[in-house]
Amino acid sequence: MPPKLQSILPALYLLGVLTLLLCPSGLCDCRIPPGIAHGSHHDISSFLSFTTVVHYECDEGYVLVGDPQITCRSSQWSSAAPQCKALCLKPEVENGKLSEDKDLFVESENVTIRCDSGYGVVNSQNITCSANRTWYPEVPKCEWEVHNGCEQVVEGSKLMQCLPSPTDVKMALEVYKLSLEIKRLKQEDQPKDLY
Ligand SMILES: *[C@@H]1O[C@H](CO)[C@@H](O)[C@H](O)[C@H]1NC(C)=O
Ligand SMILES: *[C@@H]1O[C@H](CO)[C@@H](O)[C@H](O)[C@H]1NC(C)=O
Ligand SMILES: *[C@@H]1O[C@H](CO)[C@@H](O)[C@H](O)[C@H]1NC(C)=O
């Protein structure tokens, strides 16, 4: 061995040890970065760097939760990959109010719908923003509730829905009008009988 090489051997050893300690990406890289649903990732490591850095991004309509960047250290990723959570638009409910009034909700957030007085909720009062960016179960409606004294109208309209044709409805209405007329006439007659 030439004496010159002998003198640089310790330096070479040191370099070897340092190389293993620093783990350049070519020698001891992490496994491929984990993929995520509704998002993508790309390598943003600088050209000369010893470490691999991966940056995550979410698709439109999704929000990133967690650290957007993970780094490869000693063959392991610095942390778990972030998540892309769905965003749901504020549910529009006529004649009702939301338990929380904001324009966007994040996946798995719950909202309670409270109908204005006189209105009743149809379907589930509580809904959850789901992974597919829709509300689950479907957004409820607030419908005018029937109060005392309105039953007859509702019964009447139900009856009409049961009648097969518009002519039948017309006839039923005529009969109903006649019955009212007769009732009125009878009432008018009664006081006269008293005299
Ligand atoms: C929403 O409600 C569901 C079930 O009712 C529950 O499991 C979940 O933790 C709630 N989400 C939040 C963010 O509170
Ligand atoms: C809706 O959620 C609220 C608050 O979490 C709860 O108090 C209520 O019982 C829920 N209503 C129904 C119908 O599940
Ligand atoms: C969205 O997800 C819910 C469950 O979380 C499911 O019931 C519903 O069918 C899904 N809607 C669409 C359009 O995929």
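Just so you know, glycine gets a Cβ as well, placed from its N, Cα and C.
Of the listed cysteines C115, C129, C162, TrEMBL assigns the disulfide bond with C142 to C115.
In the structure as shown, the Cβ atom of C142 (disulfide bond) sits within 10 Å of 19 other Cβ atoms.
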